[in-house]
């Protein structure tokens with residue numbers, strides 16, 4: 001991933017504004033510390049901060065076509081770039097080895113239809129100078145794995161600012177909105193247009209397909225495999241069920257890529273992948289945390305080169321202000337979970353690893369949060385999973401992206417692969433339901449359980465042995481902020497209680513009339529957020545993550561707050 005910043009249709013001398021644009025782009029340089037680029041046209045400025053993962057020798061951006069009538073700046077990875085290159089009607093000599101250059105040439109042939117053809121995680125902005133006036137097209141990936149914002153200035157409503165993060169826009173724009181996932185923006189009409197339209201996207205359409213465990217397993221395996229496209233050292237996060245499962249698949253698939261490296265049978269979309277002799281795994285937590293214990297067991301089982309990072313409560317508290325600055329949110333759940341991930345990302349980057357695979361998305365797809373135990377019906381369970389996937393860009397995707405990219409580390413999330421989602425989101429909710437007798441996310445556990453008769457393993461697959469130790473595969477859900485150590489959340493509440501007076505809390509409605517904080521912890525984070533981002537426009541993109549209290553569960557987002565957490569299966 002990278003950082004992008006663009007100004008389209010600037011009212012003034014762009015040559016004079018260039019330095020200001022570079023300064024604003026520099027605010028997202030943590031996302032791309034490897035190189036900076038800038039192209040200035042008669043009325044637009046496109047900047048790029050690069051994190052080199054694929055095409056590391058030639059992939060500097062912004063990219064242009066031969067006559068420089070099309071300019072492109074991209075944050076992301078396009079996993080099917082080789083396939084798209086083969087589909088071009090007119091042969092093109094590519095200037096770089098970047099997986100992103102194909103966007104430019106495909107757009108040149110089919111226009112905005114390129115968006116639906118891309119398989120990957122991406123945010124990009126393109127300037128088409130073949131038309132008068134020049135046309136701006138910008139797009140964001142289907143789920144919002146990458147972050148993107150659009151800003152405007154009331155005095156010049158036809159000027160558009162695009163940035164990977166809020167911090168490049170808040171001092172320039174009085175109108176800022178999060179760029180909606182699965183959409184592209186077209187300056188021709190000044191509107192967003194949805195391009196991602198899968199059949200499962202509408203919550204009221206209840207899925208009816210019985211679960212096919214083999215299809216689930218094959219789809220997730222393919223999702224992991226394509227995400228091993230990298231020319232730099234990479235690793236996996238470990239500890240929870242989802243990240244550990246991804247780790248197990250990644251170890252198997254990396255070995256397979258290595259074995260097939262010289263074979264014509266190798267998947268065309270993974271030809272850029274390099275196999276590093278031993279997979280690195282990473283975990284973080286307070287000393288003695290549940291995730292650390294589980295991660296050690298997984299690392300020993302998978303024979304990874306394991307790196308365990310611990311932090312103290314004080315170190316966590318000291319980082320919160322920086323976390324809120326990088327995350328650009330005051331949501332309690334996101335801040336709780338992002339702080340240990342932010343600290344771990346700094347440690348990971350220091351090892352030389354630039355990309356990791358992570359397990360975000362599974363809980364939304366399969367109803368893994370403990371409050372799903374209280375769903376009143378199968379239909380309501382399904383509707384909630386769809387809505388949670390819709391809103392991933394405001395919570396877990398935002399956390400995974402910005403916590404890691406604060407240190408120039410890229411996180412890839414196989415559970416949000418659009419082909420995997422097509423399989424998983426069409427499974428009928430009756431097969432996903434959890435109860436006192438059935439553990440949450442049972443169907444994905446069963447799909448990778450070699451002892452489960454209906455999982456559909458072939459004799460050859462069974463011969464490879466289990467994916468994970470059984471007690472890890474069937475470990476109860478721990479939200480990341482709980483798994484790093486139960487005292488972490490307790491300490492944050494205690495810190496907030498001592499930092500925010502009762503008098504201040506009583507006046508919360510007066511101080512924060514919009515989205516008023518309801519707890520001292522929420523008040524503390526909101527206070528820090530507004531120190532970094534005092535502009536009113538910055539509030540619009542923040543969405544709070546809360547369980548379904550109308551289902552009779554606790555309003556506290558911690559999994560431990562749900563009664564089911566203490567019950568045995």
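Glycine residues also receive a Cβ, built from the backbone N, Cα and C atoms like all the rest.
Here's what TrEMBL has on this protein:
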type: ACT_SITE; residues: 2; note: active site, for GATase activity
type: BINDING; residues: 99; note: L-glutamine binding site
type: BINDING; residues: 284, 358, 359; note: ATP binding site
type: DOMAIN; residues: 2-190; note: domain 'Glutamine amidotransferase type-2'
type: SITE; residues: 360; note: site 'Important for beta-aspartyl-AMP intermediate formation'
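Taking 99, 284, 358 as the binding-site residues under consideration, the smallest Cα distance to residue 2 (active site, for GATase activity) is found for 99. With a 10 A radius on its CB, residue 359 (ATP binding site) counts 24 other CB atoms from all the protein chains. The number of other CB atoms found within 10 A of the CB of residue 2 (active site, for GATase activity), across every protein chain shown, is 31. In space, 358 is the closest of the recorded positions 284, 358, 359, 360 to residue 99 (L-glutamine binding site), judged by Cα positions. Spacing of residue 360 (site 'Important for beta-aspartyl-AMP intermediate formation') relative to residue 284 (ATP binding site) is 16 Å (Cα to Cα, whole number).
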